[in-house]
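S.K.: Below you will find the structure I want to go over with you.
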Amino acid sequence: MDLIRKNYAELVQRMGRTIAVQITNDLFTRNILSMGEMEEILSCKVAQDLTRELLNVILKKGTESCTRLLQSLENQDPFFYEDLIGQRVQSGVTEEDLENLADHLKRLYQYPFFKKFNPLGEDTDIDIIFDLDRTFTDPLLWRKGTLNRREKQLTLSEMLEQLESPCVIEGEAGKGKTTILKRIAMLWASEKCRALADFKLVFFVTLRGASEGLYETLSDQLFPITYSWNKKEFLNKIWHLGRKVLFLLDGYDEFQSESCTEIEELIKNNPKFNSTVIVSTRTETIGKLRRCGALIAETSDFSLDNAKQLIANVLEEDEANGLLFQLEESSFMQNLMKTPLFVVIACALRMGESDFQMNTQTTLFSTLYDLMVEKKKYKIRHLSANILAANIRKFGDLALDGLFEQRFDFNEKHLSKIKEEVLLNIGLLNKYTAQRRKAVYRYFHTTFQEYIAGRRLSQLLSSEDNSDVTKGEDFLNKIVSVFDITTKYKNLLLYTCGSSKVATQKVVKHVAEVHKHDKNNYSTELVEFGLNLFFESSTKKELSQDFETLFSEKCLYINSHNISSHHIEFFLYLPNCLSALQLIKLDLSGTFATVPSESTMDRDSKSAQSSVCDNYIPEKAVKLFFDWNQSIQTLEVTLRDFHQLNKKDIKYLGKICCSADSLRLNIKRSSGITGSLVGVLESCKNIQDLNVDSTKLSIEDERRIVQMTEMKTLSILNLHSEHLQGGLLEGLCNLVGLEKLVFHNIKIDKNDAKTLAEGILSLKKLKRLSISHISNIGDGMESIAESISLCCHELKELKLIDCCLSAKALRSLGQSLYSLSHIEILDLSGNYLLEEGKESVEELAANLTHLDAIRTLMLPGGTDVKFCLEAVLPTLRRIPTLSELAFKRWNLTNDDLMTLASYINSGFENLSFLDLSDNCAQSAGWLSLTAILQYLPNLTYVNFSTEDLFTPDPDLVRKLVRAISALPLLHTMELNNWQLDDFDLAQIKKAKNMIHR
């Protein structure tokens, strides 16, 4: 007993955990220790604590128990026992001893025990193991200077080649610091790293488990049980080796420096020992090491490739593919995966554990949160559960207040009611002191602050305490626009709904109420947000009626390449919301690759077939729309860049389209449709609208189109093939239910135009007609204009743009305006009248008073139309509904603009769009017009572009800047051909931040 008391301190320092555990087990088998005593001793995490507890228990039991302990020590560690009783004949540490130790360490660093680790921490109950051989990805590090700024990016190899001691590896939680140090040890053990070849010994030390001295720590963590040297001799030998010894010290942020001053000295007074040191630490403790660090390297973010490599190496193929797909479809996930810990947690959630299903962002953060609190409980075990819970609540309030104040940096004042040690020790908060007078605190990830805030808001909204509920609702009421809902507070609301069904119900109700009173139309953004909100809430069908208010009479866009779990669950669990949607847009895209030539297909049919197969409509799109029993109001399907379409595609398309009551079909740049459109139209009998763009049609296609007598809309765009006799134009008369007809940039001649005119005679229900960018049709427009005048009395929108409109055709239209009284939009721009233009425009203007509802008037240009300006303007002034007006290519001069200005200053207050482009005025004319802009307060668009290059006077620019700055709604101003210098542009951008083109 006296021997133990006399050598108590040395026993505590030198025994080590391994020997202490073996002695404890031995004494239990000899019935000296009870089961309870053994469990109490072994529960100690730190080696010295375990040894101290063992000695205290034995000393209380008396002399016989002490004798048994010494006997056990003699059996387990005879060298230490002989040292203790003074019988050991000391021998020096030989070169052979060091060689044997080096061999032992190299074997240790190659053992599974060292290479395999639990990425979620040894203190968790989750049995997931990673292997460094498979999971390590080459990290990037930032070299930092004295001012704590990133100076240069380094690979691990480059850092080792430039190594200076002590080297500090800095990084936030989960950034892979431990992995880097272990990798260095493994590289040394492999003897394949040139930068590490000169090191005779490499010691990897976990500072959290450090003993009361450096030698004791090495003995406890690394030495073989057969070592036969004493502390003084060994350390002297190590110090003589100098820079040839590398210490890898992991986790300075968890190091109790007062318990092991030797290691603290080794780091901070490194020149005294002359050994090489690499130490890792978290950001909040970097301030303790910056002064002594010769090289400070900060761990960089994971690249997307790093994340993908880790996922592929860790998971089984099916599990990896699922997570990789989720990573591809979510920019949010890509951002999170920059932090290795998030990749690890995402992998853990995919590993088939029943408690870990990777469904939502909330799941990821909730798992991380629980792990951090559970893993670091040992650091705060001295605090009661009530104190911990209170600080966690205040921590949530801090996050919530910060979000609504747009604050992500906090100071000591903000943490005045919180125990700082709780949050720092758990790892929920990071502390930054480098190059700062006052410490700054941040959540270790911005999105993590949003999660903590959402978690807290969810607790408030679902609380049984009315004061908490009121507090939560007060936060919700601060969100007053759809824009804020879908941008600034998007993640906050997602995490709120991901944490509670009750909170979800209240959030959905609030969002619907905000949208109801928001004057701006953000319907598309709101639907996308609602989709994410539903998925995050994991409520399935429970709140289907609540969600219906978010989707009613709105539009949902889906791209076939980005069909996600959100869409699948939405279709599966919320069919009532699908039916409530006014429109669903489905974009089916083929490949953009060049279609193989016939010769290539003959030479390599397999390759060609593979290329073609890439164009197939994906099965997941079919399953999404076909596997349910509700009905969509309107479905708009776009086939884009399909270079091949086979029977399977047509069948799939039919299955998709049959789910809707009404179908819109858009075909763009799809050569594979040519000749196959017949089959498509046969399988999609509910087509109401058909739009064909840059896709050639066969005669069979055209004939099938004109048989679709129930069709409401037909648009043919950018078709440069010759007109096929007996096709579309000849059969147009069959489409008697047509309400909208568009021909844009198609190839037709004079005779084709007359055929088109004959077809228009039958379209008595037509409400919108657009013929644009068509040339070489001679006087064919006269026939078309006559047909419009005779039969299209229901027209609301008439656009005849750049289509060879003649004065005669214009006069025909003008004379019939009394029968076209429903027209709201009349666009005749892009046409240039050569003869009798003045008279025809005058006649048109005189009859505009018959158009009670006209809002848009784009007049044609011409050689002499400017001479009717004074006759036209009084008529236009008498049209109160006019909001858009164009005098493009009117050859207006300074005098003409002055005339225009004299009329526009009164009676045109509702004008929002004014196009005066391609005219001939100079500064004086533009000055007169600029002066009256103040009388047009509703202007949103102005075009003052000139036909020729124009250098404005400085006074014009100054007054124009003043004028546009006073127009609150103006967002676009075109000044093409104005020669503006940098000073001019700077002033214009300062006034409205608009770009000169």
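From the backbone N, Cα and C atoms, a Cβ is placed for every residue, glycine too.
OK, Swiss-Prot features for this one:
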| type | residues | note |
| --- | --- | --- |
| BINDING | G171, E172, A173, G174, K175, G176, K177, T178 | ATP binding site |
| DOMAIN | 1-88 | domain 'CARD' |
| DOMAIN | 165-478 | domain 'NACHT' |
| REGION | 95-300 | region 'Nucleotide-binding domain (NBD)' |
| REGION | 358-465 | region 'Winged-helix domain (WHD)' |
| REPEAT | 550-570 | repeat 'LRR 1' |
| REPEAT | 629-652 | repeat 'LRR 2' |
| REPEAT | 708-731 | repeat 'LRR 3' |
| REPEAT | 735-758 | repeat 'LRR 4' |
| REPEAT | 760-785 | repeat 'LRR 5' |
| REPEAT | 797-820 | repeat 'LRR 6' |
| REPEAT | 821-843 | repeat 'LRR 7' |
| REPEAT | 851-875 | repeat 'LRR 8' |
| REPEAT | 884-905 | repeat 'LRR 9' |
| REPEAT | 908-935 | repeat 'LRR 10' |
| REPEAT | 937-958 | repeat 'LRR 11' |
| REPEAT | 972-994 | repeat 'LRR 12' |
S.K.: Counting only residues 6+ away from its ends, which parts of the chain sit with a Cβ under 8 Å from the repeat 'LRR 11' (937-958)?
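M.R.: That would be 883, 888-889, 909-923, 926-927, 929-930, 964, 967-980, 984, 987-988.
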S.K.: Please give the sequence-distant neighbours of the repeat 'LRR 7' (821-843): residues at least 6 beyond its ends with Cβ less than 8 Å from one of its Cβ atoms.
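M.R.: Same-chain contacts beyond the flanks: 767, 772-773, 793-808, 810-811, 814-815, 850-865, 867-868, 871-872, 886, 888-889, 915.
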S.K.: Within the region 'Winged-helix domain (WHD)' (358-465) only, compute the mean pLDDT.
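M.R.: It averages 77.
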S.K.: Suppose we draw a 10 Å sphere around the Cβ of K177 (ATP binding site). How many other Cβ atoms does it contain, all chains included?
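M.R.: Excluding its own Cβ, K177 (ATP binding site) sees 25 Cβ atoms within 10 Å.
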S.K.: Taking the Cβ of G176 (ATP binding site) as the reference point, list residues of the same chain whose Cβ is under 8 angstroms away and which are at least six residues distant in sequence.
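M.R.: Looking at Cβ-Cβ distances below 8 Å from G176 (ATP binding site), excluding near sequence neighbours, one finds P139, T299, P340.
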S.K.: Beyond G171, E172, A173, G174, K175, G176, K177, T178, what residues of that chain have CB atoms within 8 A of the centre of the ATP site's CB atoms?
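M.R.: The answer, listed by sequence position, is R282, T299, P340, L341.
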S.K.: Which chain-mates of T178 (ATP binding site) that are at least 6 residues away have a CB under 8 A from its CB, listed by sequence?
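M.R.: For T178 (ATP binding site), the qualifying residues are F117, D250, G251, S280.
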S.K.: Checking distant contacts: for the repeat 'LRR 6' (797-820), what same-chain residues at least six beyond its ends satisfy Cβ-Cβ under 8 A?
M.R.: 767-782, 784-786, 788-790, 826-831, 833-837, 839-841, 843-844, 846-848, 850-851, 858, 860
S.K.: Please give the sequence-distant neighbours of the repeat 'LRR 8' (851-875): residues at least 6 beyond its ends with Cβ less than 8 Å from one of its Cβ atoms.
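M.R.: That would be 796, 801, 805, 810, 817, 820-834, 837-839, 841-842, 844-845, 881-893, 896, 899-900, 903-904, 913, 915, 918.
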